[in-house]
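Enquirer: Just passing along the structure, written as structure tokens.
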């Protein structure tokens, strides 16, 4: 190495730099240079850089290979319902093909069913692959946070723009205001008097953090590493020289990258997916049993034998009839599986998504809508979610008529909007001299700006510069100007800070005494239009009082500041500090002999004083104290009600924040997570304190059932909390906006990111993004997520009864598919527009291990399903056996009547003596039968049409029953959801289309119906509403008993 570097050893001793072994924050500057074998003046030599690159590689985040497209496609078929459907489709296709080879008459009709099923599965797979392909975007967004270049010193020369990926441990980097930090680095020296970084996205702190060169203890948390700067954070004030200590995956942001990847590997199925899989497995068993029963019931038709000497002999097997009954079993499978279920669920979730979007919740992953309905714990970040993440002045204290009196004003408003709230009991336009001086200092001793961001409905105002200074500018606007000053409308200024602009016009700023952490204040020297020079100062109240000799009273008179006056001011300070307010004091000085002729000229003798920051304390002495203001990041107005709603709904709220304990506790008391005067010692821990608990104590702490607070939390603490909650059976919604939140967002059952303040990393890791960053939006979304899913019991009952009674097949697979996919589709979709039950947020959340359909709801479905089966089979039998029913004449088409016995034994028709049938009409069609036995096959077309029409009509009326889970149609009439009425009209319209358009009627094997036949359909279908009303009434009367039983059983399960 060259100058300054030749005394150090080679990189052979650096092998242990990969981890935190050196803990650079705990070493002083000289020790750091020795450990990393570099000097800050010379930097590394090019040879040394190459050697270190061989050991550590490049400063970049790893790219993890995701699953291949082929793997993703296969995964879509790893689902019980989908596999049964696939099997049914293959069998249908083979049978259709065989039927065609044998010269069957079905033709295209037979192929419609398997092709439709294949089409459903393909669409389902495409949607699934597209969704999952987006899952790893979070890692890509993380890379965008990384810096692209850095100013580096190597071989004694400064390289002003070296690609950041070429940095190695030991490199010397210069950082300036606005730079993004390229790696984790130890601060070696400050070029400016102060250095502050915005690292909230990584650590969760709500304010920029001051950095120092002094070492800190080795075991401090990330927020305590005051001499370290971290990759991806930004310098907001000052410049410095740093030493690179960690690069790539070893940086704090690299660790977050690894945690996101690990969390995404362990992605669990959502509660909905688990329940659908369980539902599918149960359905498979039921279908298997029913198919076997159908097979056994009908075995006599395709397999017969004679008994000779007590043993079966002379077996006769009909392959044609065997395949026919096999088709019935396949039709049963098709009927039992709700093919439309994936489509309907996707549509319902998509509608839930749209409704949530209207409530400012943008859903990225559809199943997360239903997951919200099961949420039992919401883990919320504080900064920006529960609070506005916009500093605001909450209290202003000015001096009174005497030095022992002060005046307090409460300031309304929770944002940077100057029109958001006002100052209570304010002398509008009548500002006394003391208040004018406070306004002047707050407006001029200030580098921030506030502007309106776009003119959308949110009227969003953003701060440029330090949040505390922006809040002071907003305070100045709320204070207004005294009537004699007024705003000059001819000035051409069109911004929102009119009062601040006016003060800055009256007094011109000619010098700045920058803030530093020793004197804890900032000052500006101003020149009035008359040429008089003044010093305006703001800063920590205690240090300003130490350097103040006087105090200004209400009327502008100056009096000496003695100990009793200080105690009055310090009492106000203490009151504000205990309310978690950050307090700033204001002071000024008029007699500045050294600066009386100074105008900013660099050759002026006074300019030399300003070049040395050590002079600032003496310049800022003999001050006149004028007042103080308390600031905070205020809670959002709607959050307390949202927390109360959660408590009512049985949802536990936990606040997990990187901010300090006192501030977080004060906010939690204010929003209702804790009571105002409640003892919260057992419910408020720092992340570090929680991690030090034993495993059993951690679980006990989380099971308290009340609101909890975790402050100073790091990413790994958040992940551990979410993991423990999930392990104990809770469904966890996690909110966050920073890079530090991303791993926990990925791990939670539903991750919710902030849309305005959120980093891209957090948004990509999340399932849902809140467009307005608002906690109450989550609670509204939970209300939307609680809904039920319906089943296909009626069709199963219909086919089973047909087989059990031995009558001809009443519904063929293609008709069942039409009902499931097309006619059922619009009403099921429209039910997504249902207003929620009025008491939805008073019910506890569904447990994630609750079955998809509760025992009572299953009983209701069985009763309704049985009626559907009886109605569809009944109308089939009525047409064959009755000339009229309930006074409705059915003889108009001229069809022949048979007995029920003949219908049930139609397979023996060839053996009947003198059996004849007459032709009958259907619309313009006429049906003749050369072989009378064809009346039970080709002739059943009218009876099948009646069965299908009853099925469609009952499904439509049953959708009215689904308006509310247990509310009567009297309390929830059909017009509460006009979309459902429209959907029913569409479904009936589609049914009329296939009935009355000859091409479709041929494909579906149906014929047009007469008016009387339609009256019969309605007479048979309408009772379904009455039956469900009775069931709902019983349900309402017994709901209390069922809920307590369910709670006891779930408690028993948990134990």
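Even glycines carry a Cβ here, placed using N, Cα and C.
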Enquirer: Of 42-60, 61-79, 80-98, which range does TrEMBL call transmembrane segment?
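Expert: Among 42-60, 61-79, 80-98, the range TrEMBL annotates as transmembrane segment is 80-98.
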Enquirer: With TrEMBL as the source, which of 825-852, 853-880, 881-908 is set down as transmembrane segment?
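Expert: In TrEMBL, the transmembrane segment feature sits at 853-880.
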Enquirer: Pairs of Cβ atoms less than 8 Å apart decide it: which stretch in 282-303, 853-880, 943-960, 1014-1035 has the most with the transmembrane segment (980-1007)?
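Expert: Answer, by Cβ pair count: 943-960.
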Enquirer: I need to check the long-range neighbours of the transmembrane segment (1014-1035): which residues 6 or more away from its ends have a CB within less than 8 Å of a CB in the stretch?
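Expert: For the transmembrane segment (1014-1035), the list is 856, 860, 863-864, 867-868, 871, 874-875, 878, 885-886, 888, 890, 946, 949-950, 953-954, 956-958, 960-961, 964, 966-969.
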Enquirer: Near the transmembrane segment (943-960), which residues from the same chain, at least 6 beyond its ends, have a CB less than 8 A from one of its CBs?
Expert: 794-795, 798, 808, 810-812, 815, 819, 823-824, 827-828, 830-831, 864, 867-868, 871-873, 875-876, 879-880, 922, 969, 974, 980, 983-984, 987-988, 991, 995, 1004-1007, 1009, 1013-1014, 1016-1018, 1020-1022, 1024-1025, 1028
Enquirer: Under DSSP, the domain 'Cation-transporting P-type ATPase N-terminal' (23-97) has how many residues in helix, strand and coil?
Expert: 46 helix, 1 strand, 28 coil
Enquirer: Report the mean pLDDT of the predicted model across the domain 'Cation-transporting P-type ATPase N-terminal' (23-97), rounded to a whole number.
Expert: 81
